[in-house]
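Structure record follows, encoded as C-alpha cells.
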Amino acid sequence: MGLHVTLQGLAGLLLLLYALPWAEGGKVLVFPMEGSHWLSMRDVVRELHARGHQAVVLAPEVTVHIKEEDFFTLQTYPVPYTRQGFRQQMMRNIKVVFETGNYVKTFLETSEILKNISTVLLRSCMNLLHNGSLLQHLNSSSFDMVLTDPVIPCGQVLAKYLGIPTVFFLRYIPCGIDSEATQCPKPSSYIPNLLTMLSDHMTFLQRVKNMLYPLALKYICHFSFTRYESLASELLQREVSLVEVLSHASVWLFRGDFVFDYPRPVMPNMVFIGGINCVIKKPLSQEFEAYVNASGEHGIVVFSLGSMVSEIPEKKAMEIAEALGRIPQTLLWRYTGTRPSNLAKNTILVKWLPQNDLLGHPKARAFITHSGSHGIYEGICNGVPMVMMPLFGDQMDNAKRMETRGAGVTLNVLEMTADDLENALKTVINNKSYKENIMRLSSLHKDRPIEPLDLAVFWVEYVMRHKGAPHLRPAAHDLTWYQYHSLDVIGFLLAIVLTVVFIVYKSCAYGCRKCFGGKGRVKKSHKSKTH
C-alpha cells in the first residue's frame, strides 16, 4: 500500500513538473486611476497575485490611496506637484461643490474644476511619457499586458507604445467616448446620456434634451481629452485620435450591470463586473463590533461621502448633525473635519470605516451616501436602503436610478435642511417598501453564474493567454463614418432608383409623343390642305 501511494505521489509530482511551464504566471503592468477607482482595481491585482501572476503598479510619486503593498511591485515616477498642493487642489474642488449659486456660475465653476483636474493629470502623464529611461525600462520588462482605467488615457497610450494588449477597468468615459471607442450602438431614444438624470423611458422633450445635451459638454470634453491626442501622436510618431487609441483595447471591464444600469446594446469585448468592490468581506474589528452591538434593536446607519470627501463646510455639518441626533439609530459617520458642536450622543465620528463590512451586518438599517457607483453597489449587494446626497459627476444619475427603483431617497445637499434629512432617514428605515425593493435588487444582482471578481480575473488571464482578443474587435472600427451608416450604399441604391425612374419617365414621354404627337400633326396638315 505504501509503495502504491508513493508511486501515485511520484506520478502526481511528475505531472505537476510537466505542467509548470504552461502554468507560469504572467506579468501585468497596472496603470490605475486615483481614488475609489484604484480601491476596486486593487482587488483584481490581489487576486492576480494569488493566482501566480506578477503585477507592477505604475503610479505618480504623489498619490492619496495608492500605497506599496506585498502583492504588487510599486513603480513610481516624478510629477511636477507636491502632496500638499494636490490636497489643496482637491479641497478647493470640494469647497466649490458645497457653494450655492445660479446655474451659469455653477457650470463655470465646475468647468474650472474639471480644467484644473485635467491639467494636473495631463502634467502627470507628460512626465511619464517624456521619461525616456523609465520607458526604456518598461519596454525591456516584457509585460504581457496593461490593466488600466481609460478615464486617464495615458495608460492606453503607453500600451500602444509598448505594443502590448490592454484590458480596461472602468465605470465609463465622459462624453460618450467609450461608446465611440467600442463602436457600440447608443440610440438616444432610450439610452440616457451621462449627467442628464433621465431614465430609459423618456418623454418627447426629454428625448430632445438627451440628444442636445452632449453638445453642451463638447467644450469640457475637448479641453480634457484633445491634449492627450497630441501627446499620443508625439509618442507614436503619427497622427492619431483618442478614439483610435482607445479602440485597440482587447477587453472593456465595465463596473456596472443591468440591475443598476438601464438595458442597452453591448459588444463582444464588453464585460460587466458591477459589484466587484463588495465581493471581499472581512469580520468587523473589535472597535466597530462594539459600536454595532451597542446600537441595540434600533441598529446602525452608515454615513460616508466617498473616499475623497471627508470634510464639509461647518454650517452644513451642523445641519446634518442636528438631523442625525433626531433618530434612534447609532450613526457611524466618516468625517475628518471640525467636530460639530451640536453632535448628538448617537453619532460617532471616525476617520475611516469598513463601509462594505458594516453594510453587510444584520443591524445596518440605512446608508447615507454620495451616490458613487462603489457605494451604490455596496448598498445593493448588502440590501440596505439609501439616502443619497449626490455631489458631482455621475452621482446625480446614480441617485436617480436608485430612486426610480424605489430603493432610496435623494436629497439636494445644498438645499436640504435638518428636517429633510430626518424625514428621509425615517422614510427609508420605517417604510418597508424601500427595504423590499433593495432586497429584490440585491437578489437579482447576486443571481449570476460567476462572481464579478472571478469574471474580471478570467478576462485578464484570457488576454494574457491569447496575447489579446482581436477576434472580439468589431469590423466597424475599420469603416469610415459614411460606410458605418451605409450612406454610400444608400446613395448608390438611390442613384439606381432615380436613374430607373428617369429612364421610365423618358421612355413613357417618348412613347406618348410617338403615339399621340404624330396623329396630331397628320390631322393638322390634312386640315390645312382642305382649306
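Even glycines carry a Cβ here, placed using N, Cα and C.
The N-linked glycosylation site annotation in Swiss-Prot covers Asn116, Asn131, Asn139, Asn293, Asn431 and rests on sequence analysis. What Swiss-Prot lists as signal peptide is 1-25, and the listing cites sequence analysis. Residues or ranges marked as transmembrane segment by Swiss-Prot on the basis of sequence analysis: 489-505.
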Nearest recorded site to Asn293 (N-linked glycosylation site) by CA-CA distance, among glycosylation sites Asn116, Asn131, Asn139, Asn431: Asn431
Same chain, 6+ residues apart, C-beta under 8 Å of the C-beta of Asn139 (N-linked glycosylation site), given in sequence order: Leu162
Between Asn116 (N-linked glycosylation site) and Asn431 (N-linked glycosylation site): CA-CA distance (Å): 43
Collapsed DSSP category at Asn116 (N-linked glycosylation site): helix
Cα-to-Cα gap, Asn116 (N-linked glycosylation site) vs Asn131 (N-linked glycosylation site), nearest whole Å: 23
Local Cβ density at Asn431 (N-linked glycosylation site) - other Cβ atoms counted within 10 Å: 14
DSSP three-state assignment for Asn131 (N-linked glycosylation site): coil
